[in-house]
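Below: the structure, in structure tokens.
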Amino acid sequence: MEDDDGQDYVDKSRVLNVRPLRCLAPIFPSTPSFPSFPHPQASSPFMCPPPAGHFPPGFASFYPFSGYLDSHNMQTPMPFGFNGSIPAVPINSFRSGANGDAGSSGRSSRNPGPSQYEEEEGYSDWVHVNDGEDSSKAATKKKRIPKRARARSGQDINVASSDVDVDAMVDKIVESFNLMDFDTFKRADGDKDSVGYIRMIYDLLRRKLSQIEDSKESTPGVTRRPDLRAGTILMNKGIRTNVKKRIGVVPGVEVGDIFFFRMEMCLVGLHAPIMAGIDYMGLKVSQDEEPVAVSIVSSGGYEDNSEDADVLVYSGQGGNINNKGMEITDQKLERGNLALEKSLHRGNEVRVIRGVKDIANPTGKIYVYDGLYKIQESWVDKGKSGCNVFKYKLVRLSGQPEAYTVWKSVQQWKDGSTARVGVISHDLTSGAESIPVSLVNDVDDEKWPSNFTYYPGLKYSKPVNSNESSTGCGCHGGCLAGNSSCPCIQRNGGNLPYTTNGVLVSQKPLIHECGSSCICPPNCKNRVCQSGLKIRLEVFKTKDKGWGLRSWDPIRSGAFICEYGGEVTDITSAEELRCVNDDDYIFYATRTNQSGEGFLNASNETLKIPFPLIINAKHAGNVARFMNHSCSPNVFWQPVLRENSKECDLHIVFYAYRHIPPMTELTYSYGIVPPDRADQRRKKCLCGSAKCLGYFY
């Protein structure tokens with residue numbers, strides 16, 4: 001499909017409901033000692049003779065069983081149930097010798113198709129049966145599975161149909177993103193907007209599918225993979241970009257971008273193989289075609305050396321691996337290894353993606369795009385098992401933004417091996433939060449935010465009566481996604497608003513969390529924003545916008561960041577502060593049109609505020625008061641109502657609008673005010689976004 005980017009895409013997603021032949025139980029012809037199945041009244045069964053016979057008229061046995069009778073001097077074929085041994089023949093013995101399997105023949109110039117989940121080289125990294133929020137509820141297991149067997153085994157891919165109309169859901173999501181004009185040119189060559197749209201659509205669909213799977217009973221032997229299913233659906237619908245393989249920069253993908261799933265990189269054209277570590281394409285040289293590498297993923301599956309932030313010693317692929325992850329045969333100079341060798345001699349740029357551990361999910365990884373490298377040298381080394389392994393030394397090109405270097409610096413700050421420059425206080429909260437918040441200024445001499453006391457939550461000076469009765473839930477062990485009788489789930493439209501890992505599925509008019517009237521425990525899946533900070537934050541002095549907020553940790557799209565802490569005030573007090581130009585830390589929940597943040601809301605519903613909440617964080621507040629405005633925000637706010645039978649317990653909670661790399665400033669849109677007061681509150685915007693309006697309120 002990649003080579004036909006000028007043609008219309010055909011929606012093939014409905015074939016996902018077709019069950020593969022391996023799901024059908026073979027029915028053998030009856031013998032004197034074995035009955036026939038199924039019942040005669042049933043429809044015609046799927047018939048499959050045993051490999052050595054008996055066969056219907058006109059059919060014969062097939063290789064490797066065709067010579068079995070003669071070689072064993074048997075006059076009649078084996079009956080069904082014969083327990084003698086049959087010589088095993090490796091699958092790779094059936095490969096065509098004419099075409100070979102060099103990487104440049106046939107598939108070097110095109111990405112893997114939607115159904116190609118196995119790697120091209122022997123084995124991949126450890127297969128995590130529990131893959132973060134997209135996993136089943138079964139215990140985490142690790143196992144080695146031959147790559148060429150995975151797509152056929154069904155052990156890590158489940159695209160079975162569900163009761164939910166997935167096609168209608170996908171169409172609704174796509175329609176909400178206004179992608180009708182997403183033409184073939186953007187599919188072939190993307191830009192920042194198209195890459196952003198594709199990633200948001202993918203993540204929203206993946207979370208929706210994860211929400212559906214969470215509400216089902218787990219099936220033994222089947223691992224749920226909404227990440228693969230979401231990617232397959234979008235690829236079949238042609239919702240992807242940068243489908244043309246290329247050397248060097250990928251339009252719309254920036255150095256430092258992070259990805260939580262391999263399928264994300266595939267959809268935006270950064271790295272095509274869903275599992276293989278080396279991506280390559282064919283280049284014409286005279287009359288021949290030779291493979292060259294375009295990107296690699298270093299994620300710890302092989303003996304890579306990634307201690308130096310600007311130098312990577314990458315191990316080749318291939319060779320058989322035992323159950324301890326060690327090579328037991330020599331690697332060969334073919335496919336990806338050959339492509340890397342050719343790139344060494346051609347001197348072309350290679351994109352490098354580094355895989356790092358996800359501290360929030362021990363079984364997951366985060367992929368960091370570290371920019372362009374060049375291969376400097378190659379050699380053959382002995383691996384830990386004593387077998388030959390190809391090694392390639394890649395050096396990062398100068399002049400690129402920092403990416404992996406930032407990750408290593410943060411890790412050194414955390415373990416104390418390197419001191420953070422400009423630290424004023426190691427914990428701005430003085431222990432009010434379970435995770436410390438650093439205060440840093442390496443810009444000027446200001447030492448502390450003036451007249452400010454840290455308060456982690458929301459202070460109501462007087463109770464606010466609720467217009468709706470709230471009974472609370474009776475879920476002793478916590479609210480479960482499939483419990484349709486839970487009143488809290490019912491108030492959220494029949495589903496928990498969060499995935500198993502506590503990620504918000506999509507923006508809603510109002511989220512109902514469990515509260516004081518519920519008997520569920522503090523770790524209930526519907527109390528995500530009630531246990532304080534979960535990431536390491538830093539308040540820092542910006543060059544031209546005062547104090548700002550950023551995170552040492554990567555933040556996943558939809559993840560909880562913080563709530564807006566402070567004192568609840570009334571409109572009269574807020575107006576008095578506005579009149580004296582002293583409302584910089586006033587939050588109006590009644591402001592509308594949060595630019596850009598509606599992309600998480602597939603239903604396009606407006607926010608529902610039970611009452612006009614106004615928060616004053618000037619003298620008492622938390623980290624949220626330091627978040628600056630941006631016309632292209634990476635954070636959005638959401639009203640959250642905690643169930644309380646006595647009063648209205650409304651909070652303003654912030655979530656990540658997209659994946660946010662470490663040390664990136666956290667910003668949200670301050671929204672707009674009524675037209676009759678717009679001129680009075682307009683201020684110059686310094687966000688620096690390409691879509692900056694020039695002002696904010």
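Placed from the backbone N, Cα and C atoms, the Cβ positions cover glycine too.
Quick look at what TrEMBL annotates:
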- 93-155: region 'Disordered' (REGION)
- 104-115: compositional bias 'Low complexity' (COMPBIAS)
- 139-151: compositional bias 'Basic residues' (COMPBIAS)
- 248-396: domain 'YDG' (DOMAIN)
- 471-532: domain 'Pre-SET' (DOMAIN)
- 535-671: domain 'SET' (DOMAIN)
- 681-697: domain 'Post-SET' (DOMAIN)
Surrounding residues of the domain 'Post-SET' (681-697) on its own chain - C-beta under 8 Å, 6+ positions past either end: 192, 544-545, 578, 591, 628-632, 667, 669-673
Residues of the domain 'Pre-SET' (471-532) by DSSP state, where helix covers H, G and I: 8 helix, 5 strand, 49 coil
Segment confidence, the domain 'Post-SET' (681-697), expressed as mean pLDDT: 83
Three-state composition of the domain 'SET' (535-671), taking helix and strand from DSSP: 17 helix, 50 strand, 70 coil
Structural state census, the domain 'YDG' (248-396) (DSSP three-state): 18 helix, 64 strand, 67 coil
DSSP-assigned states of the domain 'Post-SET' (681-697) in counts, ordered helix, strand, coil: 1 helix, 4 strand, 12 coil
